[in-house]
Amino acid sequence: MFPGAVPRSFLGSLILAWTSLPIIHLMRYFDAVSSKADMLISVRLTLATLNAVGLCVLRRTVSKRFGFRTGAFFTALSCSQFHLPFWMGRTLPNTFALFPVNIAYSYLLGRMPNSTRPSQDFIIKAVALLTFTAVIFRAEILLLLGPLVLQALLTRWISFTVVANTGILVASFSILLTVFVDSYFWSKWPLWPELHSLYFNVYQGKSADWGVSPFHTYVTSLLPKLLLSNTPLAALGLLIDGRIRSLLVSPISFIALISCLEHKEWRFIVYTVPIFTVAAARGASWMSVEDFTYYYSSPIECCIAANLLVTFVMTQVSMTNYPGGEALSYFNELFEGTPSVHVHIDNLAAQTGASLFLQVHAPPYPSFLPVPSRSDWVYNKTEHVKAADVTAARHFTHAITEHADEFPRSKWSNVGCVKGFDGIDNAEWARAGRQKQWLGSGNPTSHVDAGYNPYAEALPPLPPPANLTTRKKKKKSAQSLKRTANGMASKCLGANPSAVQPFRTSATGCAEHTSCSRRPSTTSEALQVFTSGRVAWSTIKEA
């Protein structure tokens, strides 16, 4: 288990595991699952399916309340977004909370026949679901629940006694459940994860350690980023329909309240995206009525097309955002038959896809999966470990790191790389377009290098490669390169230079995953490390 800054509940993971198990067994029957990495795909598909079901339930309620046309636009606008479909299969507390929140709002939108207000039973169910979600998965749901309850009381949808009894009963049950389950799994008694999170992030203000943003960030930046071109349609829906204004009271209040916290991330408000999409669908439906079809159909089509275009571009970019997972997968294949491997995985690798599911050569192993030939590896994610510490510790045989320049070339050798993406510097991109080449190569590149420590306990000492020397250029050149390279990222691995096949080096110094013959006898300069503005420049000399 690799803990985060604060403990999170295991209940979501347990529910997901029980739900996924029949699907995994079925896929295993058809030989579609053969490793823990395949299980990861199955689990994420299961979670994405559950959240898709939640959106389908909400869509059916929208169709009943606002008409088929609005329901159809809700489907089109939801599917054309990027963040919600892309992230709703991610195993995070926020995505665990997304399903019950969508079901709760489907109850709030629902109406009994010939009724203009939600029934008391529907309100009770919505309050119960949101209370359960806030207690167990994400405490910020309280900021969504509070305005909703206040609205229900002021509009006389429900009495104070009923809502108080519902809240107390569900909260008590949820607290007991999460304390018993999570205290067992975290081996700490008593433990209520979301209370610990509130204390750490809100009372102590530690969330600010991860960065702070202005009060208006959610409204001016993050929410439009989530909604894309649905934003103006949602504003239109808010203006033209009183039912939409009533529906958006709690989401808007939620965003205003959570904006008081200095640390802001779009995933904290992702629960409101389907609700704002309902408003956007209502706005699109109003624009597409028969009398306005000629004038307004094109803008709606342009909005959906713009969503699809942005989604396509962001998907292509996001596919390169997981160099840690790619590096670990490549590492597992490269050293599959090597015994007693002890690899250190740095922080960036752990954050970009190097998950427990990819630790295929270390236990635990499900009973229905075959055990690989080598199952004695150690995947070490100890934080705040420097390159010198990894080199000095004789038990480390390999490293996956973004700081290849800090590892001495006399004891480490790069054996592979994985490209990554960190952003685009518009000014430098334009400048690069006027140049014939980017840092001596055709394209900007970032990478992960692989290496192996020949001085580890499991292997005899080996001499350093005679044909490889590294030096840093003058400080002025490095700073100039840093300005030019701002926005690209890399990660690196290390291996015994005599234990791997020759590898081809690209113009940027990034080792390819294929073997080839030795390069011609030349002296060239290559980009060895390229990460988040920190750049080291090396020279490769070959005999």
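We number each residue from 1, going along the chain as drawn.
Cβ from N, Cα, C; glycine included.
Note that TrEMBL annotation is computational and uncurated.
Here's what TrEMBL has on this protein:
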- 462-485: region 'Disordered' (REGION)
- 9-27: transmembrane segment (TRANSMEM)
- 39-58: transmembrane segment (TRANSMEM)
- 94-110: transmembrane segment (TRANSMEM)
- 122-145: transmembrane segment (TRANSMEM)
- 157-181: transmembrane segment (TRANSMEM)
- 294-314: transmembrane segment (TRANSMEM)
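Recorded stretches compared: 9-27, 122-145, 157-181, 294-314; the one with the most Cβ pairs under 8 Å to the transmembrane segment (39-58) is 9-27. Here the transmembrane segment (294-314) has long-range neighbours at 73, 76-77, 80-82, 86, 228-230, 232-233, 284, 287-288, meaning same-chain residues at least 6 beyond its ends whose C-beta is under 8 angstroms from one of its own. Sequence-distant contacts of the transmembrane segment (9-27), counting only residues of its own chain at least 6 positions beyond either end whose CB sits under 8 Å from a CB of the stretch, comprise 33, 38-39, 42-43, 45-47, 50, 91, 93, 96, 136-137, 177-178, 181-182, 185-186, 193-194, 368.
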